[in-house]
Amino acid sequence: MQTHQIDSSYAVPPPKNLGNIRDNMTILGSMNKILVANRGEIPIRIFRTAHELSMQTVAIFSHEDRLSMHRLKADEAYVIGEKGEFSPVQAYLQIDEIIKIAKEHNVSMIHPGYGFLSENSEFADKVEKNGIAWVGPPASVIDSVGDKVSARILASKCNVPTVPGTPGPIENVEDAQDFVNKHGYPVIIKAAFGGGGRGMRVVREGDDIADAFQRATSEAKAAFGNGTCFIERFLDKPKHIEVQLLADSYGNVVHLFERDCSVQRRHQKVVEIAPAKTLPIEVRDAILTDAVKLAKTANYRNAGTAEFLVDEQNRHYFIEINPRIQVEHTISEEITGVDIVAAQIQIAAGASLAQLGLLQDKITTRGFAIQCRITTEDPAKGFQPDTGRIEVYRSAGGNGVRLDGGNGFVGAVISPHYDSMLVKCSCSGSTYEIARRKMLRSLIEFRIRGVKTNIPFLIALLTNEVFVKGDCWTTFIDDTPSLFEMVHSNNRAQKLLNYLADLAVNGSSIAGQIGAPKLNTDVIIPVLHNEDGSVVDVTQPSSTGWMNIINKEGPEAFAKAVRRYDGCLIMDTTWRDAHQSLLATRVRTADILAIAQTTSHALENAYSLECWGGATFDVAMRFLHEDPWVRLREMKKKCPNIPFQMLLRGANGLGYASLPDNAIDHFVLHAKNNGVDIFRVFDALNDIEQLTVGANAVKKAGGVLEATVCYSGDMLEPGKKYNLEYYLAFVDEIVKRGTHVLGIKDMAGTLKPSAATLLIKSIRNRYPDLPIHVHTHDSAGTGVASMIACAEAGADAIDVATNSMSGMTSQPSMYAFLASVEGNINTGINLRHARELDAYWAQMRLLYSCFEADLKGPDPEVYVHEIPGGQLTNLLFQAQQVGLGAQWAETKKAYREANLLLGDIVKVTPTSKVVGDLAQFMVSNKLTADDVRRLASSLDFPDSVLDFFEGLMGQPYGGFPEPLRTDVLRGKRRKLTVRPGLELEPFDLRIIKNDLVARFGKNISECDIASYNMFPRVYEDFKKMQDTYGDLSVIPTRYFLAPPKYEEEVHITIEKGKTLILKMLAIGDLTEKGTREVYYELNGEMRKVPVLDKKAAVETVTRPKADVHNPNEVGAPMAGVVVEVKVHKGSDVKKGDAVAVLSAMKMEMVISATADGDITDVSVNQGDAVDAGDLLVKIGKIGAKEE
């Protein structure tokens, strides 16, 4: 229903420009210029209608609002006062200033909007006395209905029911107590002036009524300038129903039906519905009748709202009349078709309701409408207002969607000075359910970035079953904590841009990366061909493979089938150990998944794929910022036919130290449930008690147990303590544990062909039915020969890697092995498919070239130093990081000496790390083996060395070397003689989960708990990284490692059917704050991302060196980062007390005081990078701190 009364016969001359279109169409004569004394969305709403009425519009604004949208939407805009003259809010309360602006610019009408001065009778009176039309009720009416006490008097005159309450204001707390004594609890103390939930306090039995009265009155005075309050009976779970009224100057009043405003938070409306869905017809009619009666009795004029409460017995009580337009007037307009603002303006100009066509019998409703107030508030923090710059603003739209917004645009700065409402979204439909679904769709359609909004809360609200039924009450939000279990927008695009921008400004933060990838083109997925040349269909995974037996018959049947197989199977290590050995374990999940389905066909007869556990687990989180469990599940989906194998470090799980047994059980169970089939379980010292923990966990979980003996050195070397008898005795212990398969783990690649033949034949003769699987590294270049020897001697499976990922510290070449045994030993692998598959990994080698260890060829010295293949690459990298790269030959020599110092131990993670740490420590400090023995009681050894000697890694074969163990521990640590796990309390998994939920949100799974148990700090950092940058696994690898070229179009698929298209356009200059803005085009829209330039903030720090001849100066034993400073200037220390903790890559060491005394100087702080020999602290004589 239109309220604009325009004569259609009026001849409109053609406009000369846009500016005079309205001039030629005015319908209000001389009253054609309106000023809106407000800000935000309501002026814009009023301006739009005014423009439709061919009026000129005037905005006012505070200095702080000078960039606000309402200023730009008006024909004219004027600032209130000089800069700093008024506070941001006070500016809009300056009655005289506003009237002055209106008169200076020939304003004929002033509309107050809502809030600010909209209910101020003094303002209304002064406007009219200055000859300006007031768009609202006259001052006398505002006074008669504008406070709740006057409203109660009015209701009494009209015989309209009100909630029992005081007849007038209460003067003190004694009056309040008298009312409670008469009417009982609960009661509500309300401000007589104003609204919006301020100056209201509910008091229940047992509450402090004096405190409530004091707080209500003080709050009312602060908000409205008047602390007058009254008290009334509080209704539990009432509905808040309000009636939209329009009245002209001739005594005519109509209603535009009712709105249900029950959904409130602290008496502030959140969502409104028109008409009320569950109100009985007779109650509705009674309310509408009473509303009109009240307005007529009050001689009301213009728009207003009569507000009522409806209790659970459907009894209604009048509250008050709001003498202004309401925020939620939009939904009354939607269901009636009446432009309320147009009616307001024309009534102020003298029109009657009849002239506007607003007769009660002509006003009807159609369907339902819902309004949501979208605010810049964070519901998770008690609706705390958020401020900042809007980076992205995409709004909803479409049929039945209406938006009334203010500062909702990209670049808008949301200040803390004003109301937090950003936009009102009103949706209408023929039924309540249609309107609700439309609103839900609209809320989801919004994209607002840069500030928090209440949209997640609104979505939770609209999907709550009570709201779906339309049965809400005024305290519904407070009574329903489940509403705060919100589904938040992931903000994926912006988070990815943040990562890419940081990469562009600061370079890659991934440890070990040198330069950019050499592959700068898209990766090509190879095609497999059948023998006849036809293409193998790989659109679905292969259904042929050894998983069929595991799935149908179980681990025992699988082991028997493997043993019966006529030939030797292969395990491909490309997905784990191969890239660990050659590329620092940096291959990402996406690049494995890209070839996984093709692999399921090419290697369908493989014994297994080694693809998980070991270093891949923590590296995925630590450096690749990926969830290893997601990797496991996704790999299994694409390659379900080949068994997956993981490496499990016995009682250590995946870590470097023992964990409680229940943590191992928990981890293994979920590894099995998520896709691991074969568990290669070993202990770094071949400690059978340690190994048994992992073995038992696998059997309980229902996995295939491959208990493993670690092979160390050359067993044929005369005098070697790890000889054939040793290995056979250890295999006997493994067999007693009920293993399904025997694993032999040759970590360093020192298993020579002749030794392989002897070892495998000896085991086969003793255990003819036991499947044997052999793992090796090709460090010495003899790997293929050794694996052939194993296969010929009776091994059932051996390890290889695809050609491009094989050799040196990796596994032997798959193709070389297959070609060598072709015609003699059946592997079931198609040579052509293996070769075609390798074309993919040749590209991967280029893509990950920035992680190459730069090894030139085999290292036969491995027979001397015995460095495991996986460690050799990492050790070289670590040596370079701590400044020992030029001393690599010395490091390898020191590794052998360190091993002998430790008692010639089995070397595999974590014991290999102990040897490596000790070797680097020796080279860095120029120590020989004799020096270590002689100075052991005064040296600060790396933590891993101390852990080993304490016994935290188990008991080495032959025992610990003495007196070195005693000297190293110096009485500071105990000497364990039993399995470490026996002294550990079981993890309380429930408490751990609750803690993780509290810190990282409710979506914590059992897999998250398992990750945390293995690597707590790594997991925490990973979750923080996820929160900052989102799911980085979706970024193509070459852009994950290096930024794209300017203007290069990059496609990032964030989920099926949803792709981001972006270009990097420019990087801005350095700001005073040390940041740069990186400019992107994202899906055609400009985005800019501020990034701290870490390089610009770097200062070159030259640190003093410690005097090695002065025992009172403590220096850094090697290059690293100060993890913790344990003393401060003035601290008393004894010789041997910890003064700092230093970290170099994965090695940590406690630095001890070299003398008794007081700390006179601390030269470093936590986080400082130091070089070997840098001064850490100075120690003075006792009492020096007082000098």
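Including glycine, each Cβ sits where the backbone N, Cα and C put it.
Since we're looking at a predicted model, the values are computed, not measured.
Predicted-model confidence for the domain 'Biotin carboxylation' (30-482) is 91, expressed as mean pLDDT. Taken from TrEMBL, the feature domain 'Biotin carboxylation' applies to 30-482.
Residues or ranges marked as ATP binding site by TrEMBL: Lys148, Glu232, His267. Cβ neighbour count for Glu232 (ATP binding site) (all protein chains, 10 Å cutoff from its Cβ): 21.
Summarising the annotation, TrEMBL assigns domain 'ATP-grasp' to 152-349.
The C-beta environment of Arg324 (active site), restricted to residues of the same chain at least 6 apart in sequence and closer than 8 Å, consists of Pro112, Gly113, Tyr114, Ser118, Glu119, Gly136, Ala303, Gly304. Positions annotated as active site by TrEMBL: Arg324.
As annotated by TrEMBL, domain 'Pyruvate carboxyltransferase' applies to 568-835.
A C-beta separation below 8 Å, combined with a sequence spacing of at least six in one chain, links His775 (Mn(2+) binding site) to Met571, Thr573, Asp577, Arg680, Thr708, Gly743, Ile744, Lys745, Asp746, Ile798, Asp799, Gln811. What TrEMBL lists as Mn(2+) binding site is Asp577, Lys745, His775, His777.
Look at TrEMBL and you will find Arg649, Thr909 tagged as substrate binding site. For Arg649 (substrate binding site), applying a Cβ distance below 8 Å and a minimum sequence separation of six or more within one chain yields Gly614, Gly655, Phe682, Asp683, Ala684, Gly694, Thr909, Pro910.
Among the features that TrEMBL reports, N6-carboxylysine is placed at Lys745. Taking all protein chains in view, 24 other C-beta atoms sit within 10 angstroms of the C-beta of Lys745 (Mn(2+) binding site).
Per TrEMBL, domain 'Lipoyl-binding' is recorded for 1105-1180.
The N6-biotinyllysine annotation in TrEMBL covers Lys1146.
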Of Lys148, His267, His777 (the binding-site residues), the residue whose Cβ has the fewest other Cβ atoms within 10 Å: His267
Distance from His777 (Mn(2+) binding site) back to His267 (ATP binding site), taken between C-alpha atoms, in Å: 71
Glu232 (ATP binding site) versus His777 (Mn(2+) binding site) - Cα distance in angstrom: 84
Structural state census, the domain 'Lipoyl-binding' (1105-1180) (DSSP three-state): 0 helix, 40 strand, 36 coil
ATP site, defined by Lys148, Glu232, His267: further same-chain residues with Cβ within 8 Å of the Cβ centre: Ile188, Lys190, Ala191, Met200, Phe230, Ile319, Glu320
Maximum Cα-Cα separation (Å), residues Lys148, Glu232, His267 listed as binding ATP: 15
